[in-house]
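If you look up TrEMBL, you'll see 10-135 marked as domain 'Casparian strip membrane protein'. Marked as transmembrane segment by TrEMBL: 15-34, 46-72, 92-112, 124-144.
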Amino acid sequence: MEVVRTASVGTRSSIGLRLGQVLFSSASLLFMCFNDDDDFYAYTAFCYLVTVMGLVTPWSVTLALLEAYSIIVQRLPLQATVLSVIVSGDLVLSFLSLGGACSTASVTVILIGAGEKHCDRYKLSATMAFLSSFLSFASTFFNFRLLPSLFSS
């Protein structure tokens, strides 16, 4: 049985997903950290998002390098344990980043309702975190489809 490997580990579309994750997670981190507002540390949701994006960025950079190496060498890391770790890490980090994006968006809406005027960077940071989590979910899905074929062989 031939397994379709669309966007799974070691393909060009997968490295595109990883680079998108790196771009959006680091943009979310930068928008949140380079805010001129002194109340940044007063909100747990903002600190949580910075922590999660600080985890997502190196994870995605590492996997992008692994996938670039796989494409250059044309040898795929198709061991079941390696792919299980990648799928598990992607799944956990995608849920964590989605939670961070939702909580940041919620606090931002509350701040806007309270009359705060400097929330544009918080909104941008939450948007970038949403996009990063969606790309991470997509990567998890495409790699998860490949797992049964590795365990059956």
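Placement of Cβ uses the backbone N, Cα and C atoms for every residue, glycine included.
Note that the structure is predicted; figures quoted are calculated from it, not measured.
Sequence-distant contacts of the transmembrane segment (124-144) (same chain, six or more residues past either end, CB-CB distance under 8 Å): 6-9, 14, 17-18, 20-21, 24-25, 27-29, 31-32, 49, 52-53, 56, 60, 83, 86-87, 90-91, 93-95, 97-98, 100-101, 104-105, 108. Counting residues per DSSP class in helix, strand and coil order gives 105 helix, 0 strand, 21 coil for the domain 'Casparian strip membrane protein' (10-135).
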